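This report refers to the structure that appears directly beneath it.
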Amino acid sequence: MSPIPRNITIPGTLRLFFHDCYVQGCDGSVLILPADDNNSERNASINLSLAGDAFDIVDIVKAALEKECPGVVSCSGILAILARDVVHWREGPHWQVEKGRRDGLISNATEAQLLMPKSDENITTLIRGFKSIGPTTADLITLSGAHTIGFTHCIEFASRIFHNDTTLNSSIREKVIHSCPFPKIDRNSLRERKGLLLTDHVLAFGENDLSRKLEFAKAMVKLGRVGVKTVNEGEIRRDCKKFN
């Protein structure tokens with residue numbers, strides 16, 4: 001099994017997949033570059049921190065597939081498979097990705113900014129938003145395990161470290177207040193109030209052994225079914241960055 005060349009690819013690809021599925025469904029709409037006549041999801045402020053190499057990998061795979069079998073594999077399908085594979089490459093579970101997906105025809109920055117969950121939202125808001133797209137509360141808790149790898153950006157937790165949030169352990173606050181790299185946070189860290197993102201912190205208190213590999217795989221399958229476009233609802237893009 002080949003190693004991932006850069007660790008950021010793993011969390012970056014998972015986050016890209018989640019941001020894609022949450023708005024307009026899992027249809028590759030987050031991959032579209034903004035144009036003069038379309039301010040796309042990718043340009044929403046909440047999406048500006050999405051990892052560039054996650055986008056790059058989708059483009060690399062798409063270019064290779066177009067050479068071998070043009071017009072067959074959609075960009076949304078590529079992203080769904082990559083999200084599965086990066087989890088498996090990290091010794092996580094493997095699951096079957098449902099094929100035959102089409103790429104969406106709409107990508108809107110305003111909609112993405114409005115709908116995407118924010119890092120400072122409370123558990124009630126998170127559950128309401130997640131249920132609105134299909135998956136359950138249990139799925140939300142299970143999928144939060146993807147936040148335990150990679151890094152986050154200062155803007156996502158600045159309000160917690162600079163406003164003396166009492167739910168944040170003081171030792172971790174001092175550790176990150178002068179620098180931005182995201183320390184590796186696991187469930188034990190969350191119990192000790194060392195989770196930087198408020199969303200991670202509130203989810204930790206609902207943990208009931210749903211972080212096992214099997215449950216994560218089931219939750220990813222359900223997430224991957226959200227808003228999937230079929231033959232009459234979308235297209236297979238020639239270039240993932242723009243509509244045909």
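From the backbone N, Cα and C atoms, a Cβ is placed for every residue, glycine too.
Since this is a predicted model, take the numbers as computed values, not measurements.
For Cys240, the disulfide partner named by TrEMBL among Cys26, Cys69, Cys75 is Cys75. TrEMBL lists a disulfide bond between Cys21 and one candidate from Cys26, Cys69; that candidate is Cys26. Using a 10 Å Cα-Cα cut-off from Cys26 (disulfide bond), the recorded positions that qualify among Arg15, His19, Cys240 are His19.
Around the Cβ of Arg15 (site 'Transition state stabilizer'), 20 further Cβ atoms fall within 10 Å across all displayed protein chains.
Straight-line distance linking the Cα atoms of Cys240 (disulfide bond) and Cys21 (disulfide bond), rounded to a whole number, equals 15 Å. For the pair His19 (active site, proton acceptor) and Cys75 (disulfide bond), the C-alpha distance works out to 14 angstrom.
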